[in-house]
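Take a look at the structure below.
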Amino acid sequence: MTTLHFSGFPRVGAFRELKFAQEKYWRKEISEQELLAVAKDLREKNWKHQVAANADFVAVGDFTFYDHILDLQVATGAIPARFGFDSQNLSLEQFFQLARGNKDQFAIEMTKWFDTNYHYLVPEFHADTEFKANAKHYVQQLQEAQALGLKAKPTVVGPLTFLWVGKEKGAVEFDRLSLLPKLLPVYVEILTALVEAGAEWIQIDEPALAVDLPKEWVEAYKDVYATLSKVSAKILLSTYFGSVAEHAALLKALPVDGLHIDLVRAPEQLDAFADYDKVLSAGVIDGRNIWRANLNKVLETVEPLQAKLGDRLWISSSCSLLHTPFDLSVEEKLKANKPDLYSWLAFTLQKTQELRVLKAALNEGRDSVAEELAASQAAADSRANSSEIHRADVAKRLADLPANADQRKSPFADRIKAQQAWLNLPLLPTTNIGSFPQTTEIRQARSAFKKGELSAADYEAAMKKEIALVVEEQEKLDLDVLVHGEAERNDMVEYFGELLSGFAFTQYGWVQSYGSRCVKPPIIFGDVSRPEAMTVAWSTYAQSLTKRPMKGMLTGPVTILQWSFVRNDIPRSTVCKQIALALNDEVLDLEKAGIKVIQIDEPAIREGLPLKRADWDAYLNWAGESFRLSSAGCEDSTQIHTHMCYSEFNDILPAIAAMDADVITIETSRSDMELLTAFGEFQYPNDIGPGVYDIHSPRVPTEAEVEHLLRKAIEVVPVERLWVNPDCGLKTRGWKETLEQLQVMMNVTRKLRAELAK
């Protein structure tokens, strides 16, 4: 009989219950016990959904109050020593301080989890890091599930992936792989504690196997799993996000009891494991996208597998369902307005049912689920033949693009002269990245407007009032290039998606980005175009309030692509170029309206990189072309900015330079300007604004901290090409700390300008 299991589930709840409870706890509106009760209820509900799908195991250990890699830092005693906390007796309050910072310490650095839109907290490893086991997080969840009479499979990120996703810190140079001999016994203790608590199977996640690992890291898998296999539980080694076929010989030889492979991202890798002689878990339902599977096609893959493997075949989603929204059935508006599109979708709960149908078809025959299979086929056929998806005018515009359509009129050296002639900026010009605090009043006005409780005129007046406040406060602070604050925008991608054709939206399609932050990605289901101007009215209103230059603010094509659920029937590169041309219409309209500084945000450029380096060039070529297409045709005097965050650029700097933005602002404060060194060594040719303080924390930096970062920047970037700005947009901050943080930034800038003028 085929076994059905789950790798992981969304944590936040169908209606973001965890987010709201966390934020109430942080505001001291509920007690720790009340927060714990919400979490316990969510875990139980998740397990019940897995049971309802006829799962043989429920997943435990996947739930977290913030991030599963932070949980692992606590479980291994690898929390940063700079906090002075005891990992063996860490309070929930201290756990949150690790993630969010406190008055004495900045938060742990955050970056993207492989090529997803989820952020994890980056482990800080020092040459003298000591590890200490604390399995409480995993054991408690296992016992909770057992108390409900459930058969549970704990899931833990493996030791090599844990080291791989961390960073070396401290003055002493070392290779973090050298910490493995100290880390491994701690893993043995954690797994042993789970065995003693009754775990039969333990899933160990090693997504690092899907990237280009150095040879010594690959070799280390032999010793690691030889050691871990001595623990008396069965180990399911789980890989995902890409192919591990190149490691097939190694993986077949490892003394583990089962292997999970991602057959959605890399279906071709199945051939490499055709002769695998243990449990093979086939990840056949997409854990990262929202399209309904054609179950008949999936069965064409798994039925021959079952014939060969028998009871050794397990089925699951490709990866944790963390990356998908919770439940399609609550999307009543989408069902009413776009019934065809609704029928093509599957969220987490629908995916669990797809797996239930597959299990039944395999174990009891296709006839036992004939109705469900027919419905799946009908949805696939409807989507393949829909006229809602393909538009001849969009296809023609792309096909008719002339050669060099993506190039600016002149090189940067000429453009910057034309720009400075009218901008007349001082040394170390200051700006903001874009958004200002989204207050309760803003959110209430937007909600009331969407519900029809507030008229369009009243909504516009409310937003204009907020824009006027943002402009006034920036002028008081004496910033050089202003932003309008984006009060009218719910989300930097959703806002544009709502105004572009080919996009659709959900009401409750939230996925976790980090901690309590959730995003509701748009669905790109069809060809993309721009019916009318999207930002011109707001930007020109803001410009009318000030003599200082006002930045137009757009989200770039690659980021819109990366942060959406993208159609999977045409290449992503084609979708991206469609978005770029729609944005180009907006850029040229802004320019016509007198907005001559325009920022095209591309925070997601790096996360779009394929996991295998061999595939990078193709991606970077079409991503760069898409960015340039979005700003093509501008006058030399129009200054194009871009912003990138959560990123490491060292290995893609030529591609970043080839985007040819006049000014790039980047997130650097949490990494102590580490990123900037690469820009200096590469001699990045255009202007650059490294973030001088971390906006992800409410903490107000000291002037000494900001000065330290700015001086580091001056050492690396020629001062005439250096801008000063926060790390990122200020949407999630409160007004009080925002103004205090910006005041510190301005005080330091003035001090250094005076010094440089001498």
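Yeah, the Cβs are placed from backbone N, Cα and C, and that goes for glycine too.
Taken from Swiss-Prot, the feature active site, proton donor applies to H696. In sequence order, R100, G101, A107, M110, R670, D727, C728, T732 make up the list of same-chain residues 6 or more apart from H696 (active site, proton donor) whose Cβ falls under 8 Å from its Cβ.
Summarising the annotation, Swiss-Prot assigns 5-methyltetrahydropteroyltri-L-glutamate binding site to R16, E17, L18, K19, K112, R517, C518, W563, E607 and lists sequence analysis as the type of evidence. All protein chains included, L18 (5-methyltetrahydropteroyltri-L-glutamate binding site) registers 25 other Cβ atoms within 10 Å of its own Cβ.
If you look up Swiss-Prot, you'll see I433, G434, S435, E486, D601 marked as L-homocysteine binding site, on the strength of sequence analysis. Secondary structure at D601 (L-homocysteine binding site), as computed by DSSP, is strand.
Residues or ranges marked as L-methionine binding site by Swiss-Prot: I433, G434, S435, E486, D601.
Residues annotated as Zn(2+) binding site in Swiss-Prot: H643, C645, E667, C728. Cβ neighbour count for C645 (Zn(2+) binding site) (all protein chains, 10 Å cutoff from its Cβ): 23.
Here the candidates are the binding-site residues K112, C518, E607, C645. The one whose C-alpha lies nearest to that of G434 (L-homocysteine binding site) is C645. Its own atom aside, the Cβ of E486 (L-homocysteine binding site) has 25 Cβ atoms within 10 angstroms in the protein chains shown. Of R16, C518, H643, C645, E667, all annotated as binding-site residues, the residue with the shortest Cα distance to E486 (L-homocysteine binding site) is H643. Fewest Cβ neighbours within 10 Å among the binding-site residues D601, E607, E667: that distinction goes to E607. Here C518 (5-methyltetrahydropteroyltri-L-glutamate binding site) is positioned 19 angstrom away from D601 (L-homocysteine binding site), judged by their C-alpha atoms. Taking a C-beta cut-off of under 8 angstroms and a sequence separation of 6 or more, H643 (Zn(2+) binding site) has the following same-chain neighbours: I433, G434, Q599, D601, E602, P603, I664, T665, I666, C728. Site extent for L-homocysteine: the farthest pair of Cα atoms among I433, G434, S435, E486, D601 sits 13 Å apart. One way to see the shell of the L-methionine site is to take the Cβ centroid of I433, G434, S435, E486, D601; the remaining same-chain residues with a Cβ within 8 Å of it are N432, V483, M492, M553, Q599, H643, C728, G729, K731. When the Cα atoms are compared, E607 (5-methyltetrahydropteroyltri-L-glutamate binding site) and C645 (Zn(2+) binding site) turn out to be 10 Å apart.
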